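Participant: Before I ask anything, let me first share the structure, which is written out below as structure tokens.
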Amino acid sequence: MHPPPCPTQVNCTEASSSQMLILYLSLLLISLGTGGIRPCVVPFSADQFDMTKKGVASRKWNLFNWYFFCMGLASLSALTIVVYIQDNMGWGWGLGIPTIAMLISIIAFVLGSPLYKTVKPHGSPLVRLTQVVAAAIKKRREALPEDDKLLYQNWELDAAISLEGRLLHSDQFKCLDKAAIVTNEEGSDPNAPPNLWKLATVHRVEELKSMVRMLPIWASGILLITASSNQQSFVIQQARTMNRHLSHSLQIPPASMSIFNVLTMMVGVVLYERLFVPFAFRLTKNPSGITCLQRMGVGFVVSIFATLVSALVEIKRKSVAAKYNLLDSPNATIPISVFWLVPQYCLHGVAEVFMVVGHLEFLYDQSPESMRSTATALYCITTAIGNYVGTLLVTLVHKYSGNERNWLPDRNLNRGRLECYYFLISGIQVVNLIYYLICAWFYTYKPLEEIGDINKQEDMEKDIEKIKHENLLEG
């Protein structure tokens, strides 16, 4: 984060140590607050609705689509209203008004809390995963039973962490199944409470399996963030050299170009919800139109095209600069419209509609119901890792792409080879797409028996027993 530039003919006073301390403490508090809010917003919102397959199919809207629409609306407000206030009224008002808005939101949340549906936590999910690993290691020499029904089941023990349904046994990662082996000593007293560090239920073992299965798909989202992480900074440098005038006296600020990304994402979410899903439903009979994995795959492809377009636009920009002999004039305005940058912003917005929304929905849907906040936190970690990888990639390219024709020069972008960097990013994304397709092809969805199906099965068994009893009486 850089401080605002000093006005012309005004000497800025250097910030004191105490002022810098307050600044860094503020940034730390913002990071802590964001880390606490974002992983919990989506699971808490989903708790207010019926998120079972039947419940999702009965609604004509998708929670995750509208969550990102609201996030886009907030970003749009920040890029327009807040920026205008900062430029015209000062940074005090620019930072103060969002602070007041956050205070109002906290008050509204507290006053409305009695109306919300809350799910009480029942132990740490990370402790449960650790217990499964510990039990599997302790029983690594035990032989698995041929019938998986002999593995340890305890519906009463798992009732609090399986409100929507129970996870069924799967054949993957059989080494973890050893945590559910019931030894002769453990089976001697069926009524004794189990030592969960030595014996885990099938449901808890499947919780760990579900998280392990998701990790390869989760990791594929990192390079998508990497591809777009430095887009903003490079596009701002490009926009500064281009014609940004809307009229003789009005021009677009370079940093405001990201509005086109946000607008495309917001419009794309609405069109996806209202047009694409009904059309795809006619073909697939899937209430969501297409699966989360298919949605993510489309997003990966669109993102590749976005970076390719970015490279072509940079080639066009430099060709115009060469035509007017402006390659050695980094501060000159090249006679090419800044709106040449809009298509790549729009494509990145479309990619977010498919990939980013699909990624979050996949992590939520495929995680155990007691670990959905953890899965959402993984989504946030994807963004963090992707940005760090993007910064590392830029550093390496700048260091090793030569001195004379450096791809990412410090001062004169016209003499750089930014298009080569974009082509490199496109190539990395192609490799990532192949990796993702392999992971998606072999991915196994979590085996869940929803509570409604369990109740139906139990009612059916009771009816069968009743019929048998009546037949015996008649006989």
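Quick reminder: no glycine exception, Cβ is built from N, Cα and C everywhere.
Summarising the annotation, TrEMBL assigns transmembrane segment to 20-42, 63-85, 91-111, 259-281, 293-313, 334-356, 376-400, 421-443.
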Participant: Is it the case that the transmembrane segment (421-443) and the transmembrane segment (259-281) have 3 or more CB pairs under 8 Å, with pairs at least 6 apart in sequence?
Facilitator: no
Participant: Return the stretch with the most CB pairs under 8 A relative to the transmembrane segment (63-85), choosing among 20-42, 259-281, 293-313, 334-356.
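Facilitator: Answer, by Cβ pair count: 259-281.
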Participant: Please give the sequence-distant neighbours of the transmembrane segment (334-356): residues at least 6 beyond its ends with Cβ less than 8 Å from one of its Cβ atoms.
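Facilitator: Long-range Cβ neighbours of the transmembrane segment (334-356): 68, 221, 224, 228, 231, 235, 238-239, 241-244, 252, 254, 257-258, 260-265, 268-269, 272, 295-296, 298-300, 302-303, 305-307, 309-310, 313, 316-317, 320-321, 324, 326.
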Participant: Hey, which of 20-42, 259-281, 293-313 has the most Cβ-Cβ pairs under 8 Å against the transmembrane segment (376-400)?
Facilitator: 20-42
